[in-house]
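Asker: I'd like to ask some things about the structure below.
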Amino acid sequence: MKFLNVVAIALLVVACLAVYSNAAPHEGVKEVAAAKPMGITCDLLSLWKVGHAACAAHCLVLGDVGGYCTKEGLCVCKE
């Protein structure tokens, strides 16, 4: 049961990140780099002990080969 919860949360995170990363900019709108909150995948999801899996999934969506959470709660992607 616990494993299914972890898998469901990981799939939800991957789906949200995939939708977010594929969003097309509006025509005529200048793209501005927004402030990105760091460590959300590692800090928030560490409560359910899925931080490393969510970080790895996030990095896969970005096109990297995986990732891990640091002691400071930051997600580091491997290229």
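Numbering starts at 1 and runs along the chain as displayed.
Every residue gets a Cβ built from N, Cα and C, even glycine.
Features from Swiss-Prot:
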SIGNAL    1-23  signal peptide
DISULFID  Cys42-Cys69  disulfide bond
DISULFID  Cys55-Cys75  disulfide bond
DISULFID  Cys59-Cys77  disulfide bond
Asker: Cys77 (disulfide bond) has how many other Cβ neighbours within 10 Å of its own Cβ?
Answerer: 16
Asker: Tell me the Cα distance separating Cys69 (disulfide bond) from Cys75 (disulfide bond), rounded to the nearest angstrom.
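Answerer: Rounded to a whole number, the Cα-Cα distance is 5 Å.
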Asker: Would you mind sorting out which of Cys55, Cys59, Cys77 (the disulfide-bonded residues) have a C-alpha within 10 A of the one on Cys69 (disulfide bond)?
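Answerer: Matched disulfide-bonded residues: Cys55, Cys77, sequence order.
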Asker: Tell me the coarse DSSP state (helix, strand, coil) of Cys55 (disulfide bond).
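Answerer: The residue in question, Cys55 (disulfide bond), is helix (DSSP, three-state).
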Asker: Using DSSP reduced to three states, classify Cys69 (disulfide bond) as helix, strand or coil.
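Answerer: It is in a strand.
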Asker: How far is it from Cys55 (disulfide bond) to Cys42 (disulfide bond), counting Cα to Cα, in Å?
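Answerer: Cα-Cα distance, Cys55 (disulfide bond) to Cys42 (disulfide bond): 6 Å.
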Asker: What residue among the disulfide-bonded residues Cys42, Cys55, Cys59, Cys69, Cys75 has the most other CB atoms lying within 10 A of its CB?
Answerer: Cys55
